[in-house]
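Visitor: Here you go, one structure.
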């Protein structure tokens, strides 16, 4: 089974995707994490991807498709997986559907622009283990100490500023809304109210996916 999490930046795709992945024992694949790992290398792909990320622009389809197809060719993903951040538009969806045969379920997290901006501006992560926190909604239990690994070193993403965030939201509306309409014809398409709190969103997703 393949589960695709769709939604604008800051919708909580990564948070919810990881939770569901853990409960149903499927690998969680975040295209953003893949790109950030590539950026840390000195490859030509890193230079190309970084130029788009710094401007808050979406990476061209041919680059994204090539990377994701190669990544999914691993035997680790033969039994299914959860995708976070891919596909982002109709062209990517058509490419993806051309080489996968498994049943696809789609979870769309619908969130207001105002809440998205607040979530993203307050977002930071533990530099050691990657645990995500938020200045407004999810601080560590002990101030400046990671709940998971106890590190005291945190980092904000450099592309998380209000101007870039608004541009990313606008790009999402232009590029991804047609994809939402495409998947609405799928019996396994589920729209989730992403304005609710983390636990309420998780409960709703579990209900539609029939996870006990």
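Easy rule for this one: first residue shown is 1, then count along the chain.
Cβ coordinates come from backbone N, Cα and C, glycine included.
Feature list, courtesy of Swiss-Prot:
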- 10, 11, 12, 13, 14, 15, 123, 132, 133, 196: ATP binding site (BINDING)
- 30-59: region 'NMP' (REGION)
- 36, 57, 58, 59, 85, 86, 87, 88, 92, 157, 168: AMP binding site (BINDING)
- 122-160: region 'LID' (REGION)
- 126, 129, 146, 149: Zn(2+) binding site (BINDING)
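Can you tell me where each of these features sits in this structure?
Guide: Sequence-distant contacts of residue 123 (ATP binding site), defined as residues of its own chain at least six apart whose C-beta falls under 8 angstroms from its C-beta, comprise 10, 132, 133, 134, 135, 156, 157, 160.
Here the region 'NMP' (30-59) has long-range neighbours at 13-14, 17, 67-68, 71, 83-86, 88, 158-159, 163-165, 167-168, 171, 175, meaning same-chain residues at least 6 beyond its ends whose C-beta is under 8 angstroms from one of its own.
When other Cβ atoms within 10 Å of the Cβ of residue 85 (AMP binding site) are tallied across all protein chains shown, the result is 22.
Across the residues of the region 'LID' (122-160), the predicted structure has a mean pLDDT of 90.
Cβ neighbours of residue 129 (Zn(2+) binding site) (same chain, under 8 Å, six or more residues apart in sequence): 146, 148, 149, 151. Reduced to three states, the DSSP call for residue 129 (Zn(2+) binding site) is coil.
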Visitor: Among 36, 58, 85, 87, 92, these being the binding-site residues, pick the one whose CA is nearest to that of residue 12 (ATP binding site).
Guide: 85
Visitor: Quick check on the region 'NMP' (30-59): DSSP residue counts for helix, strand, coil, in that order please.
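Guide: Tallying H, G and I as helix, E and B as strand, the rest coil: 20 helix, 1 strand, 9 coil.
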Visitor: Give me the long-range Cβ neighbours of residue 92 (AMP binding site): same chain, 6+ apart, Cβ under 8 Å, in sequence order.
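Guide: In sequence order, 61, 64, 65, 86, 179 meet the Cβ cut-off.
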Visitor: Pick the one among the binding-site residues 58, 146, 149 whose Cβ has the fewest other Cβ atoms within 10 Å in this structure.
Guide: 149
Visitor: By a simple count, how many Cβ atoms lie within 10 Å of the Cβ of residue 12 (ATP binding site), its own Cβ left out?
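Guide: Other Cβ atoms within 10 Å of residue 12 (ATP binding site): 21.
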